[in-house]
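Notes to accompany the following structure.
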Amino acid sequence: MSPESGHETISGTSDFVVVANRLPVDLERLPDGTTRWKRSPGGLVTALEPLLRKRRGSWIGWAGVADSDEEPIVQDGLQLHPVRLSADDVAKYYEGFSNATLWPLYHDLIVKPEYHREWWDRYVEVNRRFAEATARAAAEGATVWIQDYQLQLVPKMLRMLRPDVTIGFFLHIPFPPVELFMQMPWRTEIVEGLLGADLVGFHLPGGAQNFLVLSRRLVGANTSRASIGVRSRFGEVQVGFRTVKVGAFPISIDSAELDGKARNRAIRQRARQIRAELGNPRKIMLGVDRLDYTKGIDVRLRALSELLEEKRIKRDDTVLVQLATPSRERVESYIAMREDIERQVGHINGEYGEVGHPIVHYLHRPIPRDELIAFFVAADVMLVTPLRDGMNLVAKEYVACRSDLGGALVLSEFTGAAAELRQAYLVNPHDLEGVKDKIEAAVNQNPEEGKRRMRALRRQVLAHDVDRWARSFLDALAATGETGDSGVTGESTPAPESDSGSF
């Protein structure tokens with residue numbers, strides 16, 4: 001992207017700018033050599049696109065194709081500023097540091113993180129590129145909202161380039177316990193990068209508390225010591241003459257839109273058709289996940305296999321549909337994980353299936369949105385069993401689609417959603433017997449009990465939607481310039497060791 005051409009078209013005029021690793025559309029190269037834009041998948045796009053349209057903002061991000069030089073464009077009413085990434089950038093910044101270093105570290109070391117200096121150097125370089133693109137696009141005094149773990153250095157870089165703008169940062173994945181984060185060789189640089197923001201947001205209070213501890217320990221900052229609440233009771237970090245707010249803002253979905261779509265006659269007809277295509281089983285279990293080692297797909301497969309072996313679930317009237325969206329297909333750990341999951345699927349079907357009646361129906365491809373909603377409506381039991389997940393919007397999407405008060409949600413305790421969806425069948429994914437018990441209970445739940453649970457879940461999801469999430473974050477960001485009692489102690493001593501155990 002040419003900075004000059006970008007500036008001459010739509011750069012420098014945006015009062016509200018979203019900065020994310022990806023644009024809300026993908027650049028697709030066609031066989032004839034031409035290109036076209038198509039909507040890209042992902043919870044972040046779902047969450048922020050409606051907000052951008054309402055506020056007529058700009059989006060800074062990568063177009064999804066390496067070595068592509070694209071000019072800023074207006075697509076479906078959105079101003080988009082593509083950031084160029086080379087194939088080497090993708091390998092080192094994205095597949096390397098972002099997804100083989102940060103991702104496993106922030107997800108409790110389910111897979112061992114890799115630390116390579118050349119990956120870190122490229123992460124710094126690409127973050128600077130994003131910061132410079134944002135500085136060109138933002139109008140004087142603009143509000144900038146930076147998204148997620150790939151861009152944790154951008155707040156400080158942008159602060160140095162454009163001290164006039166108001167900067168928010170939100171982390172969409174879990175923020176790790178202090179003792180895990182301390183393993184990172186570049187831990188101080190990342191904390192300092194985040195402290196360039198006026199407001200740093202996490203899904204849960206525990207992640208925010210962890211960040212306060214690290215701010216004291218790694219940069220010697222004065223911080224507030226009181227507990228942080230959800231969308232309230234913010235923490236504060238004193239950085240020179242600036243005060244950085246730290247808060248918890250659980251992300252959500254456009255629940256009203258999903259609720260309306262799930263009531264659509266064509267969707268409900270398709271749900272009935274899905275049941276018929278599956279042989280009209282008594283119970284349909286459903287898993288919908290990006291193919292990732294954090295999602296616990298193997299956990300539910302092992303649980304199902306043992307339940308079938310123990311005859312606690314009948315193989316002739318129960319099926320599992322597992323929809324697995326392809327992800328990071330060039331990363332070794334993901335290649336091995338896919339092979340293992342598909343081996344487990346084959347084992348279950350070989351042991352317990354019949355000709356024309358597999359137990360597990362496994363699809364490894366993206367599913368169109370309306371088709372996914374029909375699966376949500378058709379499914380009797382939704383299995384959401386991650387080993388660690390910042391929030392998990394699939395759980396909320398399933399609930400939003402169940403206006404009939406049918407269905408049951410089996411939900412890992414180690415998702416951010418579990419803090420809100422307390423009426424789900426909560427499970428510890430590391431306790432296989434416990435997972436089996438809750439799946440069995442969900443499959444056999446009393447209809448009245450099921451309605452009571454689903455009614456409570458829907459009350460939560462419909463009231464706390466994505467608009468409320470975005471509004472609460474942006475209201476808090478707008479208030480960062482206000483003065484008042486900071487609650488910051490006069491001490492800059494390191495946190496006591498007990499603080500490092502905060503979740």
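Here the Cβ of each residue, glycine as well, is placed from N, Cα and C on the backbone.
Note that this is a predicted model, so its numbers are computed, not measured.
The candidate list D148, D289, D370, D380 contains one residue that Swiss-Prot assigns to the D-glucose 6-phosphate site with R22, Y94, R328, namely D148.
Here W103 (site 'Involved in alpha anomer selectivity') comes close to Y149, I173, T294: these same-chain residues lie at least six apart in sequence, with C-beta atoms under 8 angstroms from its C-beta. Cβ-based crowding with a 10 Å cutoff singles out A395 as the top-ranked of the recorded positions I173, L393, A395.
The 10 Å shell around the Cβ of R22 (D-glucose 6-phosphate binding site) contains 21 further Cβ atoms across the protein chains shown. Remark: of the binding-site residues D148, E397, the most isolated position is D148 (fewest other Cβ atoms within 10 Å of its Cβ).
In the three-state DSSP assignment, the secondary structure recorded for A395 (UDP-alpha-D-glucose binding site) is helix.
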